[in-house]
Structure formats: C-alpha cells, structure tokens
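Here Swiss-Prot flags Asp421 as active site, 4-aspartylphosphate intermediate. Residues or ranges marked as Cu(+) binding site by Swiss-Prot: Cys13, Cys16. Swiss-Prot lists Asp609, Asp613 with the feature Mg(2+) binding site. What Swiss-Prot lists as domain 'HMA' is 2-68, and the listing cites sequence analysis. Under the heading topological domain 'Cytoplasmic', Swiss-Prot lists 1-88, 143-149, 209-336, 384-663, 714-732, citing sequence analysis as support. Sequence annotations record features per position, and here Swiss-Prot assigns topological domain 'Extracellular' to 110-122, 171-187, 360-365, 684-694 based on sequence analysis. Here Swiss-Prot flags 89-109, 123-142, 150-170, 188-208, 337-359, 366-383, 664-683, 695-713 as transmembrane segment, drawing on sequence analysis.
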Amino acid sequence: MTKAQFYIEGMTCSACSSGIERALGRKKFVQEVGVDLISKKAFVVYDENQASLEDVFKQIEKLGYQPRVATDTPNTFLNPSFLTPNVKLALVLLGTLGVLALSMFAPLLPLPSFLKNPFINGIVQLVLSLMVMHMGRNFYVHGFKALWARQPNMDSLIALGTSAALLYSLVLLFRAYTHAPIEGYYFESVCVILLFVMAGKRVEENSKDKALEAMQSLMRHQSLNALKIENGQSVEVPLESLQKGDILQILPGSYIPVDGVLFKGEAEVDESMLSGESLPVYKKEGMDLFAGTLNTTTTFQMRATHTKAQSTLAKILTLIAKAQGSKAPIARLADKVAGVFVPIVIGIASIAFLVWLVLGDFTRALEVFIAILVISCPCALGLATPMALLVAQKEASLLGLFFKDAVSLEKAKNVNHVIFDKTGTLTLGTPLVQEVRVAEGVDRLELLTLCASLEAQSEHVIAKGIVAHAKEQGIALQEVQEVQAKPGFGIKGVVGDQIIKAGNLEFFNLPNPFGTLEGIQVFVGTETQILGVVVLADSLKEGSKEAISELKALGVKTTLLSGDNLENVRALATQLGIQDYHAQAKPEDKLKVIQELKAQGKVVMMVGDGVNDAPSLALSDVGVVMAKGSDASLEVADVVSFNNDIQSVVSAMKLSALTIANIKQNLFWAFCYNSIAIPLACGVAYKLGIMFNPMLASLAMSLSSVSVVLNAQRLRGAHFKIRGSHENRHSS
C-alpha cells in the first residue's frame, strides 16, 4: 500500500470533501481516504499494484475538482493571473449594480430611451449577467460535474438555482423579441445570488487564511542554508548537507537551522514558536538550541546534534500535516449530514415547485424552487467544526501546545483522571547537588574535585549534575586514567596516584559513616575508605504545584507513577499534594494502573516523556508528552507540550472545553437556520405575508455561513484567557 498526500482545488463546502471521500472510498484499490476542506489537503492510501496516483487524480477530476501534488503550502497553486478573487468580486459587484440599475431601479434612473425597450434592456442585462456568471464559473463547472457524478454539493444548488433563473429569463427575452408582454426578467436574481455567495466565500477564505497563518508561518522559520565552519572559515552550505557534530555560525537576526547546543559565545534566542513565550531566552555554552528559533542579539557558534529531518521543527511540521488530515467524531457526524443534505434539498425544491405549479402560479413556483436551492446552506454545517478546530490549533500553538489530531482535542475536555510520570515531567530530570559531606580531615573542594573528575568520564545524568556543580564552583578537573564503569553501582579510575571510586554504598561494601540522608547519594572514596558523599536531588519544575492545585479545583483526580524509590516518590507526592502514588513502577505496572482506571469508567490522561512512558501514553485516552521526550513517546502521544510546561495539561483541557462549546454553538445555529429557512422558502408562511425571493434567500445563505465562521473566530484570544486564569489563581 502507498500513501499519497496532495491538495485539492475547487472545494467550497463539506459536501464537496465528503463527496470526494465517498467516491474514492468506493474504489477497490483505495484502502483509506481523508479530505480536509479548510487546508485543502487530502491523503489516499491505495494499492500501487492496482492503480497509480494518476488514476486517483482522474477520479477526483471527474467530480469537477483539481488535484495538485503536495508542496510546502496550499497557496502555491492559486491562480496568479489578473483575475484574483478580489478582482472577480469587484467585477461581479459592478455587473450586478448594472443589472439592478436596468431592472429594479430603472424607473428611478434617467436611462437612455433605447434602454426602455424591454428587448434591448433584456439583452444588456443578459450580457452583464453572463459576465457575472463567468466570474463565478467555478460554481457551474464544479456543481454540474458533481451532479453528474451523483455527488451534489453546494455548488450544485447554486448552479441549478441560477441556471433555472437564467433559462426562464431567456424564455422571457424571446417573448420580448416577439413583442409579447412580460412582467420582468430574473437576471437580477442570478447576479445578486452570485454576488452574495461570492462575497460570503471571500469572508470565509480570509478567515481560513488567518487561521492557517500561524501554522504556515512555521515554514518560514526553516532556513534553506546554513553557515558551516570549515578550516576556520564560515561557508554557506545547503541545510540538507548538515551532519551531527558540524560547527555552525549563527548571525543576529537569523533562524537557527538545526537542533544543537551553543558551542562558543552566548545569545538571547526567541523561542516563541515553541513555547508561546514572547521574551527571549538567555543561552550560554552547552545549552540546547532548537531549529526555527530566532537569534536576536550576538553572533555565536553552535554544534549540530540533529540533522534537518530529525529537528524539533521537522517533527512539528510532520505533526501538523497529520493533524490537518484528521477529523473529530463530531466533525464526521456533520460531514455525514452534509453529504445527504444536498440531494434532500433538491428533492424538497422539486416537490415545492410542483405543488406551486399545481396551484397555478408558475412564476411563484419558479421563485420558490430557486429560493429553496439557494437558501439551503450545507456550508454552515460543514464549516461549523473545522473552522473552530483550526482556530483552536492556532491558539494551542500560542500556548506551546500541539494536538496531533482532532480526536484528542475533542477528548481532552472529558478527562477526569491524570497520571503523571515523575522524572522530566513533574521534575526537571536533571539532579542538582544539594550538599557535600566529608569525613574528618578531608577538604570539601578536594573531594568535589576527585568526584567531578571521575564523573566527567560518564554520560550518566547524575554524573552531569556533579560535573556542572563543580564547574560552577570554578574547579579545574584532573586527568583520570584506567576508567572502569560498573552499571548500577558506580565508576572508578586512577586520579593522580590513587584509585578513586564514586557510586552507591553497595559499590564500596563499607559501612555508611554519614547516617540517613534524603536524596540521591554518591559516595566518594578509595578501596578501603569512604572520604565523603555528594547528595543530589531532582528539582521540582516551576508550576508543577500550581498545576496539581488547578486540576483538583477542576475535580480531576491525580496519580504519580514513577520508577524511583519509595522515599523519593513519597516525598514528591507529599510536596505536590498527590495522595495516590506508586513507586518503582515498571512500564507494565503503569499499563496495569491505566487499565484499572479505564475499567472504572475513568477518562485517563497520561503525562510523561521517556521511552518507558510510550506504552502508557498509547493506552491512555489522551497522552501528553513533553517536547524533550523520546522519539518513541513523541510518536504515540496525542498532545505535545513544546514549552515543557506542566501547566500545559490544564491548558489542554480548558482549550478543549472552549473549542467543543464553540463547535456546539456553530452546529446549533446551522441546524436551526436550515430547519427554519427551508420551510419559509417553501412558502409555508405565505398566508402571513412571509416569503423569500431568490435574492433574499442568497443573502440569508451567505450570512449563515459567515456567522458560523465569525463565531469560530471568537476562539481567537483563548490563550490569553487560559494564561490569565493560571496567573489569577497563582496570585490568589
């Protein structure tokens, strides 16, 4: 099976996207298909032995749409000609005003005498109407092709309604040519309908572009070239050629090309595209740098630790591509309704036409037929969910969050139990030296020098904490010979003229001269004597305590699961106010806890970052991973916190609740609108003097979809509200 991603031009409503999905889904060579109306992206999983991508494209073209091979952005295939959407809309407006001047407003205007001739007046209206229809020709091309393929959409409704008005106007024009009396033409209905529909579409497209802007801007953070240091000189090279270990020069105002560490110098880096925080982050030698972030101040050198394809930015862009093709359950329901909506509307319009025709009023029958086709709005149904989800994804990015699919964004609001891993999630994951104790007669700095010199030979996280502390103290490390590491116990080597060991108490097999100590203990000594002990502790992440408090306030239960020893886990749980905790938990133990909670009917969120968290993240209802997590955990998680902030858990739940509430408002409005508008267009309130003519119907339809789009925009600024709620709670 082969998976292909591409763009589809010409879709206007969810009936279009769902129609493409149904048409392709019926083909034997297609295993899976997904089409996103907003981003215009599509993917197809097909059997390459039975068909090619060209065959897939032919099926789409039969429906009246134009597939395009995927590039960096869906906007690259837009027509760059003079007839831009805004120019088309302006020409439609001018043409419509001309037709209205010749029809509805003719008695009020000083028109030339020859235009008062019904036939000549009709010919001029026809010419102007044909120009307007040409500007909106996509409605007819897509609409009639979709109708012919038995996948009618909103374009089909517009095409049928305006074509009926045009054909009847041509009949009236012929009657005017024969000097038969006529009451008027329907050219103004054709033009006004197209004007309102196209104006509504422009508002929708502008809103979509704004919502997509935050995602597409990430593309602009990806450099094409980098300055590589070769033989002491900086040489510009393609980004794809960079390898791990390459030394790069970063100039002020340039984007960091790949992930790495600061090698020489210092800098302030704008990491807002990852964390959502606007203030630059100070960086010194040895600190992490991320692709796509911006160097705001000085020139410095960095060492690449990842290639372009492995960078954090590349992972984000991959996640975005996957997320844009996903649909939430609530969106699938709306798509199903929209898929059958158009055929039902055509049926209702046809029945209403026949009823009014039987009543002996052909003109009224035609107006009702056109009004029903035009007033019905599958767009409102189709846009209700994807627009809200798209705006929510943008707001999530401003919170340093990314939802990998629409399903997780919908689920997060229902979470009622959160399980936390300890190291790297609630804590920094980098043990820091808390105290150094020495035996009688031993110098503290000398002991720290011996320990750090030895630990510098190890890549263990505890060793790094000790070495970092020694460097902060200004200690110069000594050379170590004959280094031997014993996993699970410690390390030893020759420093100067003596054998020095550093590790746990079992490594020495000697009594502990310092008594009970809390934290991670690294004993230092010779083969026969313990000279001292370095005590380390993993520091609590900023905001961890506040996040747990907020979850409690929301009525969400919390559990701490860790592979650490009972003493450390209990101490952390007590500090955070978590009553349910499990120590020395293996990956299978974590799975068991999640299974038990789910069996009790709990909606479980797992928050972690390590390789051993990957199975738990996959099993939970919503898996949240810190961005510095392993590739395995990033792959299976549902939500990624790129700012490594534990409060992202609360933010994800709050944003989910706001988004689903907005979607429900949109769907409620869309269903109510269609439930009321269609019967009124049928003429059920005719006796009360309420009747929609085609022009009013088109205005109502356009306002319906525009109102849904504008309501979705109310989610903009949600990140301010969520951040504000955190700050207000912490200050109180």
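Yeah, the Cβs are placed from backbone N, Cα and C, and that goes for glycine too.
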Check: With DSSP, how much of the domain 'HMA' (2-68) is helix, how much strand and how much coil, in residues?
Finding: 22 helix, 23 strand, 22 coil
Margin query: Tell me the Cα distance separating Cys16 (Cu(+) binding site) from Asp609 (Mg(2+) binding site), rounded to the nearest angstrom.
Written below: 40
Item checked: Cβ atoms near Asp609 (Mg(2+) binding site) (within 10 Å, other residues, all chains) -> 25
Notebook entry, point to check: How long is the line from the C-alpha of Cys16 (Cu(+) binding site) to the C-alpha of the residue listed as 'active site, 4-aspartylphosphate intermediate', rounded to the nearest angstrom?
Noted result: 44
Margin query: With contact taken as 3 or more Cβ pairs under 8 angstroms (pairs 6 or more apart in sequence), are the transmembrane segment (150-170) and the transmembrane segment (123-142) in contact?
Written below: yes
Notebook entry, point to check: By a Cβ-Cβ criterion of under 8 Å, what residues six or more beyond either terminus of the transmembrane segment (89-109) are in contact with it?
Noted result: 115-116, 121, 124-125, 128-129, 131-132, 135-136, 184-185, 187-188, 191-192, 194-195, 198-199, 202
Note to self: Give the mean pLDDT for the topological domain 'Cytoplasmic' (209-336) on the 0 to 100 scale.
What the structure shows: 75
Check: Highest CB neighbour count within 10 A among the recorded positions Cys16, Asp421?
Finding: Cys16
Check: Can you tell me the three-state DSSP label for Asp609 (Mg(2+) binding site)?
Finding: coil
Checklist line | Within-chain partners of the topological domain 'Cytoplasmic' (143-149) [C-beta distance under 8 Å, separation at least 6 from its ends] | finding: 16, 19, 23, 62-64, 155-160
Item checked: Sequence-remote partners of the topological domain 'Extracellular' (110-122) [C-beta within less than 8 Å, at least six residues beyond its ends] -> 101-102, 169, 172-173, 176-177, 182, 185, 187
